[in-house]
Amino acid sequence: MDHAAHSGHAPAAHAAAHGGDGQQHPIKLYLWIWGLLFVLSAFSYAVDYFRVQGYTRWTLIIIFMLLKAGFIIAVFMHMKWERLGLKLAILTPPLALLVLIGLMAIEGDYTFLTRLASFGQEVFQPAPVHHD
Amino acid sequence: MSQQPMTMPEGLGGVTADWSADKQAFPVPWGKAMMWIFLLSDTFIFSCFLTGYMNVRMSTTVPWPNPSEVFALTVAGKSIPLLLIAIMTMVLITSSGTMAMAVNFGYRRDRKRTAMLMFATAALGLTFVGMQAFEWTKLIMEGVRPWGNPFGAAQFGSAFFMITGFHGLHVSGGVIYLTVVAIRVLNGFYDRKGTYETVEVAGLYWHFVDLVWVFIFAFFYLW
């Protein structure tokens, strides 16, 4: 890969190092990832189309979701080629969200049980979904 | 830029070296570092929306409307689940692909191709927003409101409008952003500036919009 040939403004060595003026990767790689994302999206759509239910459904949805997210971040957003310092600075803080998600799941569960205890199961007759 | 790439340590030692001394922490253009930090903050915003959605969905005693049915489209008398959403997903992925290639051609100083691919990306983004407007109109006509709907739990509407609305706003903003950068590519602004990193930074934003959709698609539409 020819990083340095067209970085007249920056020291060529810098551009060639990491992520400077030179995230140059073969087009073929992008096309591959593009195709993969298509296939993975088709898979997750198929999960819904064929009405897969229960744990199989959730596992498949999450696996396809994480694979897609991973490919987008790693290749399209070039994270794969950045230095570990930047990777850690951007990718580790969202882990704190797991605490929020955990707390809110407990909270949601508690609210649900409280509502059941106080109001009982509401009788709700959903209208059948129909489109014109 | 006074880094000596040859002597920069890798791995964990590299992390310490990058963070320790009084110097630039990230050896990338500042615009790129700042875009990443902005996207990190945006991650937290969208995660808060999705977590809030999880919370209201878990806590309601009324059945949640089945997204597979609510978002179905009738084609030739046959109801196909989530059809429009699937098409929207493909459109957004395609736009991510064209954007990735635009960044590539930018670094090759191929002005014309870069600009054309960016305009294509923006056009696909507009298509996406258009389809979303169609989806919103359809749901509103069917009686979905932020405070209630005929299909089930009242929280469905507020979660839907909030999450997809905020995402749609990001896409719309991205379309404007990309158009501005593409015009500058065409008129040689970045040749005069000497670097095409702005195209990559705009690309980061665009891929992030696609990334958020991956999570919305999984958690809101497929769950």
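Just so it is clear, glycine is given a Cβ too, placed from its N, Cα and C backbone atoms.
In TrEMBL, annotation is done automatically, which means it is predicted and not curated.
Under the heading transmembrane segment, TrEMBL lists B:33-54 (among others).
The domain 'Heme-copper oxidase subunit III family profile' feature in TrEMBL is assigned to B:35-223.
What TrEMBL records for B:80-103 (among others) is transmembrane segment.
According to TrEMBL, the feature transmembrane segment maps to B:115-134 (among others).
Among the features that TrEMBL reports, transmembrane segment is placed at B:154-183 (among others).
Below 8 angstroms of C-beta separation, residues 32, 35-36, 39, 42, 46, 50, 53-54, 67, 71, 82, 85, 88-89, 92-93, 95-96, 99-100, 121, 125, 159-160, 163-164, 167, 170-171, 174, 177-178 of the same chain, each at least six residues beyond the ends of the transmembrane segment (B:204-222), sit close to that stretch. The transmembrane segment annotation in TrEMBL covers B:204-222 (among others).
Contact counts against the transmembrane segment (B:154-183), taken as Cβ pairs under 8 Å, peak for B:115-134 among the stretches B:33-54, B:80-103, B:115-134. Over the domain 'Heme-copper oxidase subunit III family profile' (B:35-223), the average per-residue pLDDT in this prediction is 93. Long-range neighbours of the transmembrane segment (B:80-103) within the same chain, counting only residues 6 or more positions beyond its ends whose Cβ lies under 8 Å from a Cβ of the stretch, are 67-69, 71-74, 113-114, 117-118, 120-121, 124-125, 127-128, 131-132, 134-135, 171, 178, 199-200, 202-203, 206-207, 209-210, 213, 217, 221-222.
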